[in-house]
Amino acid sequence: MTPTPWGDPKHLHVLLNSLKTLKIPLPPGLSLCPWVLHRPLLPSPPSRPAFPHFPVSSASGSFGTPAPGFSSMLYGMKIANLAYVTKTRVRFFRLDRWANVCFPEKRRVKLGSDISKHHKAEYLHGKHGVDVEVQGPHEARDGQLLIRLDLNRKEVLTLRLRNGGTQPVTLTHLFPLCRTPQFAFYNGDQELPCPLGPGECVSTGKSLWTGACPGQSWSSGNRLLLLCRWGVPLPWAVAAGGVSLPGPLSRCCPPSGECYELHVHCKTGFVGYFPATVLWELLGPGEPGSEGAGTFYIARFLAAVAHSPLAAQLKPTTPFKRTRISGNPVVTSRIEEGERPDRARGYDLELSMALGTYCPPPRLRQLLPILLQGTSIFTAPKEIAEIKAQLETGLQWRNYEVKLRLLLHLEELQMEHDIRHYDLESVPMTWDPADQNPRLLTLEVPGVTESRPSVLRGDHLFALLSSETHHEDPVTYKGFVHKVELDRVKLSFSTSLLSRFVDGLTFKVNFTFNRQPLRVQHRALELTGRWPLWPMLFPVASRGVPLLPSDVKLKLYDRSLESNPEQLQAMKYIVTGTTRPAPYIIFGPPGTGKTVTLVEAIKQVVKHLPKAHILACAPSNSGADLLCQRLRVHLPSSIYRLLAPSRDIRMVPEDIKPCCNWDAKKGDYVFPAKKKLQEYRVLITTLITASRLVSAQFPIDHFTHIFIDEAGHSMEPESLVAIAGLMEVKETDNPGGQLVLAGDPRQLGPVLRSPLTQKHGLGYSLLERLVAPSLGGPRGGAEVIFLLLPPRSHPTILDIPNRLYYEGELQACADVVDRERFCRWEGLPRQGFPIIFHGVMGKDEREGNSPSFFNPEEAATVTSYLKLLLAPSSKKGKARLSPRSVGVISPYRKQVEKIRHCITKLDKELRGLDDIKDLKVGSVEEFQGQERSVILISTVRSSQSFVQLDLDFNLGFLKNPKRFNVAVTRAKALLIVVGNPLLLGHDPDWKVFLEFCKENGGYTGCPFPDKLDLQQGQNLLHGLSKLRPSTSGPQSHDYLPQEREGEDGLSLQVEPEWRNEL
C-alpha cells in the first residue's frame, strides 16, 4: 500500500476502510470499530513519537467498549509490526497467511534468510540477560534437545524464558515451528494458540496466543503441512526479573522470581523422529530506534524420538565427519613409479590401434571458473563467448566432434575436482605379509568398499611422506594397485621407498581416477570422421535394401512373443535389415519386453543369416550379464562374454562363467587373439570394454549387427565406443551394418558430475536424441517401434507411471495368476490393492566419513515386511516366497548397506534362511532393466536440512522423475514403499502417488497429511531448512558450485558402472 500522510481527520475513514479491504489480521487487544473491538490499547509511553490525537465517534463498539484513539491505534500497529510509522508517513504491511511476518526496514526479518547468515549457536545463547531454562526429561546433543519417548506415553518439557538482566526487553513474536501432531504447546492450562479475551493481561500461567491463522483450527489445520508456522505479534515486555508485563516496554517493577513458561507436550503412537523448533523474537533494551534496541532471537531445537528395537541397533557407529576437500594434489617434479600389475598373463588380443591421451586443454582449465559464473554470451570475453557458443549450439554433424569433445573435457575437469574429496592426510601403511613378489604395501582406505573412491586393480595413486611435505622438492611416489580387499588396497611402490620403509610410516595420499573410459570416448569421436557415420547418427531415411525376403517366416524361440504384434514387427524389421543405414530403435516403458525382444532378434539373426556376426552391448556389467544369460539358453556355443580384467570374478554369475574369458585353471582373465574371437557369432561386452575390439582393429565389416541394450543409460560418446571403428555406412547398394538400440529415455539416463555438461546436453543418450526431434533427431529418420504391452506388472502398479510419463498408452497384459498373487496378502492395508505406502517419520543419519545417508527406522520397517514375506508360513499348502523373487531399492548406498546388515546379521529369522543372500538390495541403477515379484523401496530422506542437496545433484527421488519411474515399475505383483509422506508430498510426482495410495486404501503408518499443499510446503521447507541445525557444515566457497554442501553428490550413490569396465 502506498505510504499516505495523515494530516487530517478525514483520513481516518480512509485508513479504516483500507485495513478492512486488506484484511490485515490484528494482534491481541487491537481491533477497529465497528468490526471487532476486544479492548483498547494501553496508553502510549510518553517517550514515543508524538502523533496528533483525532477523536473517533463516541459510539460504543460491538462489545460496548470505546474505540481507541487514532494515535494509540497507530502506535499499537507499529509495535505489532503491522505498520511503519514516522512523523509524516505511515506504511501498512499486509500479512499473508503463510508469508514471513513483515517488519519495518530496521527490524524486518525473513526467516531462513537473515537468520541463516549466522551460526545456530547464536540462537542457543542468551542475550541481554535473557535466556531459556529447560526442565523435564531431555538429552542435549549437537544443539538439540532430544526427548526420548515410549509409544503412547506423554512427556512434558518446560521452556522458561527468563530475563536475568537489568533492563526490560520486549517479546514481540513467538514461533513454534513444527510439522507433526506429536507436539502440543501450552502456557498454563491453555493449549496454544487461543484467543485472549477482553481486559486480560499477560502474566505467568496465561496463554499468549490469539490463534494460528484466520479461519484455521489448530487441531486439524496444522497437521496439513510439512512445517506448521504460526507466529503471533506479542506487544508485551519481559521485564528484568522475568515477569511478563501487560504493556509494551513497560517500566513497571514486577515481582521477582516469575518468568514466561512454555510447556511442550510430546506424545506419539508411532516410531520415528519428530523435530520442532521454538523461536522467540525479542526487542532489545532501550527506546525504539535507540542503540541496543534491535531485534534479537533465541531458539531451542527439539526432537522427539521413539525408536524400534532394530532401529536402535542401526544408529551411527561413529559421528559423521565431513571430508574436507584438499587443495591441488601434491605432485612434484621427482616422481618414482612402482611396478605395474600384469595386464593379464593370457592377454593375446592385439593392440594395433594407438590410443591418444586427449587431456583437457590447459586454457580450458584456466577459463572454467569464468564459464561457471554463467556470464551472458553477449557480454563475455571473446574466448568465453566462443566456448559458450559451442556449448549452446545444437548438436549437428558439422559440430558433432567439437561439441562432444568439449563436453567430455568439462566433465573430466569436474571429476578431477571431485576426486580430491577422498585424499588422505597422515595415513599409515604397513607391509603386506602375503605377497613377496613384488613386495606390496597395504593402505586402509575408508569407503573403498562403497567405491568411495572407486579403486580398481591397475589404478594408481600418489603418496608423499608426511615428514617431507614441507621440503622444497620432495619425491612423489606413484603406487599401482595390485589388489583390493575389503577396505584395504595393496600397492606396489618403487624400490627406493621400499628400502627405507618401516611399518607405520605415514603419507599424504592423493587419489586419481582412471582416464581410460574418457580416452576411448575421445577416440570414438575421432573415428566418426574416419569412417563416415552421419547417415546412421543423423538418419534421414532408410534405403529399403532387405537382407531376406519380406515374406520370411520367423519361428520364435520364445513363443510368448507371438501374441505381441509390436515385438513381432520389430524382429522382422531387424532380421530383414530394411531400415539400414538408419538405426532401429526399440522404445518401450518398463516391463514392455525390450530386452526380451532384443534377445529374440539376436537369435533370429543368428538363425537366418549364417554370415552375420553380432556385437551385443550394454552400459553396465549387469546388463551385459543378463544378455549373456538369456542368449546362452539357445546359443551356448555361439556366444562369448568378454569381461574386463578389473572385474571381481566373485561378482560374475556362475551360469555365464563357462562362456566368458575367465580361466579357472590360471585363476585369471584371458583375452584370446582377434582371429579366435572372430569365430564366435555373438560377442557380448560392455560399451567401454568394446574399445578393446577397436584397439585390435577388427575388420570394419566384421560385425553386421550391433545391439545396445539399455541405450538410454549411456552418454552418446559412450555408445559411440561400440560403433565407431567397428561399423561403417557404405555408399553402395549394400548400406552396411544394422545398429539396434533398445531403451526408454524416460528412465534413468547417464550419470554426470559437471553442471555445465548437464546443462548442455551430455546427459542425453544417443537413443534419446534420435527419438526426440527437438534434440536433433530428424522426423522420419530412425525407425522406432513403441512397445505398449507391459507383460510384467499389475495394472495398479503401472497406473501412476502410465499417467505421468506415457500418456496412458500402456496396456496391461500380465499373466493374471502371476500379477494377482499378492492381492489377498494379509499384510495389505486394503485387499485387492497391491501397493503399500508405509509412512515413517525417520531421521537422516550419516556416520564416519561417509556422506551417504541412511534411515534406521525405514530400514527396520523394510526388515519387518521382509519377515512377513519370507518367513515360513504356518498355513498348510502355502509355499514360502523365495528371496530371489524380492528386491529392495534405495537411492543411497549407506541405506543399502544397513538393510543388508539387518537381513544377514541382525534379524534372527531372516539370517537363518539358507537362500537369504539371493535377495537383492541395491540402488535404482542396479535394478534398471530388472524385475521382481515384490519390490520394497526405502526413500530414506526425512529431514528438510539436506533436501537442497537432492535438488542440486538429482539424488534420491526428490525432483527426479526418471529415478521415481524406474523404482516404482520394477514390481510385478506387490509394491511396498517406505518413506516420509510429509516430505515426499512436496514433490509433484510423489504427491500424485501418495494421494493415489490414500484414496485406494493403500496407506498405513504415521498419520497421513489431510492435504498436501505443494507450493506452501515448499516455501516453508525452504525457510526452515536454513534455520534448523544440520551436520552439513559450512558451505564451500570453491569455484565449482556443486560443492555448496562440501561433498561430492555423486558419491552418495553407486559409482557409474563404466568405472568397473576398464
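Each position is counted from 1, following the chain as shown.
Just so it is clear, glycine is given a Cβ too, placed from its N, Cα and C backbone atoms.
What TrEMBL says about this protein:
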DOMAIN    64-92  domain 'Helicase MOV-10 N-terminal'
DOMAIN    121-201  domain 'Helicase MOV-10 Ig-like'
DOMAIN    257-305  domain 'Helicase MOV-10 Ig-like'
DOMAIN    355-421  domain 'Helicase MOV-10 helical'
DOMAIN    422-511  domain 'Helicase MOV-10-like beta-barrel'
DOMAIN    563-633  domain 'DNA2/NAM7 helicase helicase'
DOMAIN    674-754  domain 'DNA2/NAM7 helicase helicase'
DOMAIN    764-980  domain 'DNA2/NAM7 helicase-like C-terminal'
REGION    1026-1062  region 'Disordered'
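By the count of Cβ pairs under 8 Å, the stretch nearest in packing to the domain 'Helicase MOV-10 helical' (355-421) among 563-633, 674-754, 764-980 is 674-754. Tallying C-beta pairs under 8 angstroms between the domain 'DNA2/NAM7 helicase-like C-terminal' (764-980) and each of 422-511, 563-633, 674-754 places 563-633 first. Look at the domain 'Helicase MOV-10 helical' (355-421): DSSP puts its residues at 43 helix, 0 strand, 24 coil. For the domain 'DNA2/NAM7 helicase helicase' (563-633), the mean pLDDT of the prediction comes to 92. For the domain 'DNA2/NAM7 helicase helicase' (674-754), DSSP puts the residue distribution at 17 helix, 19 strand, 45 coil.
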